Amino acid sequence: MAGSGGVGGGAGGVQGAGAGPGAALRAPRVPLLLAALVLGAYCLCTLPSRCPPAARAPVPAPARAESLRAVGSPGAPGLPVASGPGRRRFPQALIVGVKKGGTRALLEFLRLHPDVRALGSEPHFFDRCYERGLAWYRSLMPRTLDGQITMEKTPSYFVTREAPGRIHGMSPDTKLIVVVRNPVTRAISDYAQTLSKTPGLPSFRALAFRHGLGPVDTAWSAVRIGLYAQHLDNWLRFFPLSRFLFVSGERLVSDPAGEVGRVQDFLGLKRVVTDKHFYFNATKGFPCLKKAQGSSNPRCLGKSKGRPHPRVPAAVVQRLRDFYRPFNRKFYQMTGQDFGWD
């Protein structure tokens, strides 16, 4: 999941375009209609999933953003509370990013904690489904008892310009967790995921650069997501740095108990999830959970995790490292953490 070894050593066998200016332009000729279909499928694969169904009968959504902000904290008048044990609450903490950084692993690790109740799917409320209203959003959440924390994770929030203001409108006290990873490795992992769903994509190199090894194409989402400092600037307009915890995707692999321990501290929880819960799966290349009480098998993340990366030429990797270096260093300064990507 992390580390430079995953950049060039995958078994996918996808090669970058040939060296030299204009190499991307010398790709095999295909009919225009076929090319349009392939790129169209790629765009569809990069879109977030559809809005999930509500957990109960839908409640009419407030008509205006101003009315959403006026709702305030969980339990406010006008938002019905679910019956039964516990109640549905707005999340007190969100894992807001980043895609292919390790957010699913972190969520699954945290769900071992008895005081964490988390939505399993990504609701995409603050980026795609906001018009459905806060009442609908809260209806998705699991019921919690007093003292338990409600969480959800949607990695695309971090790169969605409107998300910080919308989350602040729900609650300015929301705790925000950002899992970050070497942006070069992250971009290649992002591409590998899309390639698995849309075979026949142009090479990583052709998408990452304009005109062969010309300027880096920041319009491509796989590249743009890694500009962490720029995205964080947008969030700091609404939330102080103290509301954030930045989790290293690399350390989530090498020391999962240590990183999850930091998250438990940040959430004000007792350190219940410890090293006794993890073992390293050499086949997948990342930690798995030891078998739970009453279960006969250990639990690893799905088949899509630990996917081999396509082979990317060293020159492409180096160009991207050089490109990201100033953005990485600014991010280190902003967060007060050196993630060691340079």
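Cβ coordinates come from backbone N, Cα and C, glycine included.
Remember, TrEMBL labels are computer predictions, not curated facts.
Note that the structure is predicted; figures quoted are calculated from it, not measured.
What TrEMBL records for this protein:
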{"type": "ACT_SITE", "residues": "Lys100", "note": "active site, for sulfotransferase activity"}
{"type": "BINDING", "residues": "Lys100, Gly101, Gly102, Thr103, Arg104, Arg181, Ser189, Lys305, Gly306, Arg307, Pro308, His309", "note": "3'-phosphoadenylyl sulfate binding site"}
{"type": "DISULFID", "residues": "Cys288-Cys300", "note": "disulfide bond"}
{"type": "DOMAIN", "residues": "91-330", "note": "domain 'Sulfotransferase'"}
Q. Other than its own, how many Cβ atoms are within 10 Å of the Cβ belonging to Arg104 (3'-phosphoadenylyl sulfate binding site)?
A. 20
Q) Among all the protein chains here, how many other CB atoms are within 10 A of the CB of Cys288 (disulfide bond)? A) 21
Q. Considering the binding-site residues Gly102, Pro308, which residue's Cβ sits among the greatest number of other Cβ atoms within 10 Å?
A. Gly102
